[in-house]
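Q: Straight out of TrEMBL:
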COMPBIAS  32-41  compositional bias 'Polar residues'
REGION    32-56  region 'Disordered'
COMPBIAS  46-56  compositional bias 'Basic and acidic residues'
COILED    91-118  coiled coil
TRANSMEM  212-229  transmembrane segment
Amino acid sequence: MRDMAATSAQGWAQLRQQARSLETQTETHLHTYSQFSTQSHIPAKPTEEERSTESKLQELLERRETVIGQLNRLLDSEATLTSSALKQNNLALLRDKLADHRRDLARLRSGLHEARDRANLLGSVRDDISAYRAANPEAAEADYMLDERGRVDRSHDAADSVLSQAYAVQEGFALQRETLANINRRITHAASHVPGINTLIGRISAKKRRDGIIMGSFIAFCFLMFWFFT
């Protein structure tokens, strides 16, 4: 009896490991399959790589379904097996993951088909326009002139936008200058009504002039000494 239980446990572990390995392979191929719909140029028909990836995904999903069925039968045949509740939970997780991957594949397949249909429609429209222009050179020339006119208009709009921004900045500077001038006038007006302020300002100005005269005289003296001794 113990040998049968050990054999069953070993079989369960191997099947569960196989199921997890197939899950990982499925996720890798789903990632590859998702990139087909994000290409800059989607081919009109599925490529060999795309068909191969989709076929591989279908195969992996079927193999996982088979393994899950084997796990379920093994669990049913050993109802008295210890830790059966944990194994039932593991089996439920494997089923949920399989269902998620089936939905992911269906969603990716639908998105890829829609992207291919849009690309084919745009390509068909471009082909019709090219054929029309080839059959009507005058219309093609008129379309070219309209395109050029549109580019010129866009250039003018960009230039107008830049000029508008420059005028706005200039007006902002003028407003700041006016604000600073008003502040200066208010300070001067207020200072004229405070006793001693004008005298203090005059002394500061005089001190600055005196310091300037002293510094200038010192520089001139140094220059004369340098000229005299060289």
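Using the three backbone atoms N, Cα and C, a Cβ is placed for every residue, glycine included.
Since the structure is predicted, the reported quantities are computational estimates derived from the model, not experimental observations.
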Q: Can you count helix, strand and coil residues in the region 'Disordered' (32-56) using DSSP?
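A: Across the region 'Disordered' (32-56), the residues distribute as 16 helix, 0 strand, 9 coil.
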Q: Can you work out the mean pLDDT of the predicted model over the coiled coil (91-118)?
A: 91
